[in-house]
Amino acid sequence: MYYAESDITSEDDGAGEQMGMEEAIKDIEDDDHKVVNGVYRMIKERSAHKTAYIDLLTFILFTALYMTVLYLQQGNAQRYQVTQSMQPLLPQDTSLTQPTDVFTYLNETFISTLWADPIPTFDNPDGTEADGNLGRYAGNHNRILGGLLVHQARYGGRVCARKRFQNLFQYCSTSSTSKEPFGVNPIYVNTSVLYNPNVTATDYYAPAEINSAGIPYALFFRKIEGLKDGFPVVFDINLSAENAANRLQYLADALYLDNATDIVTVRVITYNGDAHHFAQLQAFFTFQPGGKIAVNTDIKGLNVEVYAKTQDWVRAGLEALLVIGIAYGIFSEVREAIHVHKSKGSVLRYFSSLWNFIDVISLALLVYAVIHRIFYVVMAQRFTADVHYDIYQDLNSLGRPWGLKLDGSQYTDFADLATRVATLIEFHNEYVTLNGINVFLMILRVLKLLDFQPQMGILTRALAAAGADLLNFFILWGIIFVAYAYIGNLMFGGNLDAFRSLQYSLTTMFMWVLGDTTVEYTLLAKRGWELWAGQLLFITFQVWMVFIVMQFLIAIAVDAFVDVKLATENAPGMFEELYDFGKAGILRYRYKRLPDKALLRQLKQLRGTSVTDDTVRDAEKTGDLSSKDKELIVKVDGQDVDTERLKEVLERRTLYEVADKSSVDPTRVAEQVMAQFGLAMEKVEKIAKKPKKNEELHKLKEAVDSFEKQLASMSDVIQGRLNAIHGDMAVAGMSRSTIPEEGHEDLDS
């Protein structure tokens with residue numbers, strides 16, 4: 001209260017005046033609370049916006065650093081050049097029909113070209129490199145290491161379980177993997193072009209390696225990590241063109257590929273000394289039960305010289321900064337969780353926001369990526385490789401071309417090279433995949449940080465406003481979409497590649513939604529009922545899904561966007577706010593104004609203890625402050641407060657709420673608030689005639705004056721009555737001292 005109740009005396013006939021006076025005081029106090037609280041909220045909102053912009057800028061810089069480090073780590077320009085130079089070595093067809101097609105690919109792509117006899121030079125008359133090995137290159141600079149690996153995994157076989165058509169097909173494949181030796185060595189088969197009657201099987205093979213017909217098995221089981229258990233052969237880089245061709249013929253004549261073949265893997269590992277990149281080329285030929293041979297290919301580049309150049313160490317410095325940024329991000333989230341725990345009583349309330357889940361997942365992926373990178377660097381530093389591996393006994397062997405050396409074969413080392421390269425490539429693929437997911441999460445985090453800005457946060461607020469409608473739409477859309485995909489698979493899954501499985505059918509339908517209707521031409525080539533069924537499927541899908549249902553999605557999005565846009569139509573834009581913040585900062589230093597924290601600290605004292613922090617409300621946009629024909633006002637809870645009014649309010653609050661009066665400067669605070677938040681209004685046109693200064697106080701003063709007049713009048717009446725009594729007593733010869741004590745009391749009353 002601005003006035004103590006003990007300062008006001010009253011009689012029964014003055015009770016109404018006192019009540020009116022107390023109400024007037026209460027109104028002034030409440031009005032002052034509103035003004036100070038409104039000003040406090042405006043400054044607090046401004047400070048919160050400024051902090052939000054700093055957080056946004058900090059996170060954008062962190063994201064830019066993160067993406068820069070990722071870009072420098074990948075070195076995709078050189079990796080692309082290396083992998084593209086090896087692209088011609090991949091099979092051009094995505095499916096084959098005959099096992100002989102695999103041999104044709106091996107011959108045309110590798111044996112007849114890459115394993116051709118090298119051309120002698122003056123420095124190397126025998127065509128060898130400086131290291132004494134033949135140079136086999138996949139492209140100009142990609143030197144093949146060790147040789148060409150061809151690996152086969154085989155099914156186990158048994159008599160078909162079903163007896164009905166056993167006379168047509170006796171032996172069926174099983175799901176188990178066979179490790180039994182198979183095939184026959186064509187050198188000992190007189191029908192083969194490789195037949196050599198001058199060699200004896202027992203000179204090269206143990207009895208257990210020879211079948212019941214006295215002919216040695218052609219292939220034997222060998223283990224390679226990362227591949228199914230199977231039967232590998234290596235075309236050594238030092239094989240001559242003739243020997244390489246003979247070994248390919250060996251595989252063909254030995255029936256290397258048959259109906260028990262599961263998958264054939266062709267693998268080549270190269271090193272490019274100019275680009276400092278290893279590369280691995282793989283082609284997978286999967287023999288499907290239906291008779292088709294599916295072809296899948298893969299080329300990956302690999303840089304194991306992580307810190308070899310000056311720019312690599314510059315990148316290392318950026319990586320260190322990135323780790324510091326990640327640590328700061330974790331600290332910020334932990335601090336926020338602790339704040340939520342203190343303010344709301346449970347840390348679980350921190351996870352009530354989906355945005356916080358995204359923050360935590362993103363930071364967890366960043367930490368995991370850092371650990372993953374450390375492991376990759378350690379493995380890369382330990383990685384070694386050789387040009388040649390001494391695997392076989394004799395590259396010119398007459399009786400056993402694929403016989404491993406019995407003393408110190410380097411087959412294990414070569415297999416280990418393939419395993420380590422595959423492991424490093426897998427590590428690298430996981431790393432880039434994790435970071436790709438995290439970049440998407442970082443984009444979501446940027447949207448979160450933009451949500452505070454009315455104009456830039458339109459997207460997130462529109463999605464939030466349309467959330468329920470979008471959920472309902474996608475449920476309906478998903479039902480119809482899956483139903484059409486199922487229909488496509490049901491009707492055409494047996495003869496069209498686009499519908500051969502439900503997964504392919506879903507992909508085809510999604511491509512139809514995007515406008516890719518290539519499959520329609522295949523449907524038009526059908527005949528009979530399939531033609532009409534295909535056209536009915538295509539046309540109804542286009543009309544129903546594309547022309548009708550998808551339009552509802554657009555309508556929902558537009559409707560939510562319009563509502564949010566109208567609500568923020570007059571809000572300032574981001575660059576407009578940044579300009580105002582910059583201008584205010586310059587003026588603050590120029591005129592030595594108080595920082596926002598100091599203003600908030602003083603206003604918090606002026607607010608007193610009876611008002612709690614409310615939710616920050618939107619402040620009015622500030623205008624031009626330069627015109628002398630205008631005066632400044634601030635909008636506080638719907639009322640206009642000018643400079644003089646604000647000064648008076650702050651002075652009163654200082655007088656009655658602040659113990660240390662020197663800690664608050666009401667005049668300076670009022671002027672700075674007006675300078676930063678004041679809205680320039682025309683004195684005559686924009687602002688109504690100003691009421692008399694401190695109208696409430698004047699009303700209070702008039703009430704007090706009236707009450708004082710009543711008291712004075714009552715005093716005169718009482719004094720007259722006392723004088724009359726004293727006169728009567730004098731006439732009666734009585735003195736005041738003769739009046740009993742109880743009489744004194746009655747008289748005084």
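Even glycines carry a Cβ here, placed using N, Cα and C.
Feature annotation (TrEMBL): of 203-225, 433-455, 502-524, the stretch labelled transmembrane segment is 502-524.
For the ranges 74-101, 158-185, 690-717, the feature annotated in TrEMBL as coiled coil maps to 690-717. The stretches the transmembrane segment (462-487) and the transmembrane segment (52-72) are not in mutual contact, being linked by fewer than three Cβ pairs under 8 Å (pairs 6 or more apart in sequence). Under DSSP, the residues of the domain 'Polycystin cation channel PKD1/PKD2' (424-563) split into helix, strand and coil as follows: 119 helix, 0 strand, 21 coil.
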